[in-house]
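Enquirer: Take a look at what TrEMBL says about it:
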BINDING   R9, F10, A11, P12, T13, E45, Y172, R190  L-glutamate binding site
BINDING   C101, C103, Y115, C119  Zn(2+) binding site
BINDING   K231  ATP binding site
DOMAIN    9-110  domain 'Glutamyl/glutaminyl-tRNA synthetase class Ib catalytic'
DOMAIN    124-270  domain 'Glutamyl/glutaminyl-tRNA synthetase class Ib catalytic'
MOTIF     12-22  motif ''HIGH' region'
MOTIF     228-232  motif ''KMSKS' region'
Amino acid sequence: MNNAPYVGRFAPTPSGLLHFGSLIAALASWLDARAVGGRWLLRMEDTDPPREMPGARDAILRTLEGYGLTWDGEVVMQSQRHGAYAEVVERLFNMGLAYACTCSRKQLEGYGGLYPGFCRNAGHAREGAAIRLRVPELTYRFEDRVQGQFSQHLGRELGDFVIQRRDGLYAYQLAVVLDDAWQGVTDVVRGADLLDNTPRQLYLQELLGFSQPRYLHIPLIVQPDGHKLGKSYRSPPLQAEQATPLLLRALRALGQTVEADLHTASANEVLDIARQRWQAASIPRRPTMAEADLQ
Ligand code: GLU
Ligand code: ZN
């Protein structure tokens with residue numbers, strides 16, 4: 001793996017404001033980096049303008065600042081990286097590793113998210129088609145620092161996946177792998193909802209000759225009914241004046257010991273102590289946590 005100095009990142013999507021679930025991910029990632037004197041980068045995953053919420057990018061940056069979660073260097077905007085994505089899609093297509101898919105959503109209904117391979121050998125032209133990456137009939141596995149062993153058979157459990165949509169927008173899987181490599185990220189800390197995206201990313205890294213970062217997937221905060229926080233189930237956007245109590249709550253959710261007298265401390269003081277005490281090994285080893293169970 002990787003002996004390079006630690007580089008972490010937080011990669012919010014500006015489709016909405018930060019909520020408590022995003023705070024836990026940002027905090028875990030920031031602490032894991034800062035505890036070892038590492039760098040912490042910020043990347044705006046704005047690859048899907050139709051789903052973007054106006055004003056969300058700036059609001060996210062202001063919220064992170066207000067909570068003391070400061071980043072190093074310039075914010076990378078994925079909307080500025082289309083040239084790099086296009087070049088890789090072109091290369092994979094020309095090598096026959098990816099192909100054009102003209103299937104409609106309707107045609108793919110009833111396959112449980114597993115692409116049935118209709119266009120695999122059809123030789124469609126690229127124009128107006130989605131681009132899919134061929135997956136090998138292999139299991140990809142990795143050791144997550146919190147969730148343990150995770151594996152997925154790409155052919156049987158997923159099938160060929162989209163790297164560029166029919167409308168030309170680039171898929172998260174492609175952008176995240178290219179940018180993590182380009183930014184020199186050594187450690188990915190994010191929510192466990194992305195655990196089952198990781199094997200696809202491992203395959204892309206292998207294909208493109210990138211080194212594999214370490215992974216730490218924190219438990220996903222869910223509603224009592226089991227739904228993930230966000231969209232219609234989103235908990236309220238983070239308020240600046242709630243920084244200290246919500247940071248303390250997020251630390252408890254991450255299994256960190258928190259002294260009772262910290263409730264009058266500033267966000268920066270809380271972060272400074274938490275950074276010195278950070279124990280990634282204390283994060284609950286489970287994929288989800290109910291919001292209602294958090295103190
Ligand atoms: N943009 C993704 C999100 O907001 C995170 C992607 C990642 O950390 O790899 O959920
Ligand atoms: Zn197809």
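Cβ coordinates are placed from backbone N, Cα and C, and glycine is handled just like the others.
TrEMBL annotations: computationally assigned, not manually curated.
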Enquirer: What are the other residues, in sequence order, whose C-beta lies within 8 angstroms of the center of the C-beta atoms of R9, F10, A11, P12, T13, E45, Y172, R190 at the L-glutamate site?
Expert: R43, M44, V176
Enquirer: List, in sequence order, the residues of the same chain other than C101, C103, Y115, C119 whose Cβ lies within 8 Å of the centroid of the Cβ atoms of the recorded Zn(2+) site.
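Expert: Those within range, site residues removed, are T102, Q107, L108, P116, G117, F118, R120, A130, R132, D160.
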Enquirer: Cα-Cα separation of Y172 (L-glutamate binding site) and Y115 (Zn(2+) binding site), in Å?
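Expert: Roughly 17 Å, rounded to the nearest whole number.
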Enquirer: How many other Cβ atoms are found within 10 Å of the Cβ atom of C119 (Zn(2+) binding site), counting all protein chains shown?
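Expert: Taking every protein chain into account, the count is 19.
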Enquirer: How long is the line from the C-alpha of P12 (L-glutamate binding site) to the C-alpha of C101 (Zn(2+) binding site), rounded to the nearest angstrom?
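Expert: One finds 29 Å between the Cα atoms of these residues.
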Enquirer: Any same-chain residues 6+ apart from T13 (L-glutamate binding site) with CB under 8 Å of its CB? Would you list them in sequence order, or say none?
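Expert: Those within reach of T13 (L-glutamate binding site), by Cβ under 8 Å and sequence separation of 6 or more, are E45, D46, D48, R51.
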Enquirer: Out of R9, E45, R190, which binding-site residues have CB atoms lying under 6 Å from ligand 2?
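Expert: The binding-site residues passing the 6 Å Cβ test: none.
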Enquirer: Far apart in sequence but close in space: which same-chain residues, 6 or more away, have a Cβ under 8 Å from R9 (L-glutamate binding site)?
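Expert: Once residues fewer than 6 apart are set aside, R9 (L-glutamate binding site) is near S29, W40, L41, L42, R43, D180, Q183, V185, V188.
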Enquirer: Among F10, Y172, all listed as binding-site residues, which has the most CB atoms within 10 Å of its CB?
Expert: F10
Enquirer: When a 10 Å sphere is centred on the Cβ of E45 (L-glutamate binding site), how many other Cβ atoms does it contain?
Expert: 18
Enquirer: Expressed to the nearest Å, what is the distance separating C103 (Zn(2+) binding site) and F10 (L-glutamate binding site) at their Cα atoms?
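Expert: The separation of the Cα atoms works out to 34 Å.
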Enquirer: My understanding is the cutoff is Cβ-Cβ under 8 Å with a sequence separation of 6 or more in the same chain; which residues meet that for A11 (L-glutamate binding site)?
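Expert: Same-chain residues close to A11 (L-glutamate binding site) (Cβ under 8 Å, separated by 6 or more) are L42, R43, M44, E45, V176, D179, R190.
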Enquirer: Please give the greatest C-alpha separation between any two of the L-glutamate-binding residues R9, F10, A11, P12, T13, E45, Y172, R190, in angstrom, as a whole number.
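Expert: The two farthest binding residues have Cα atoms 15 Å apart.
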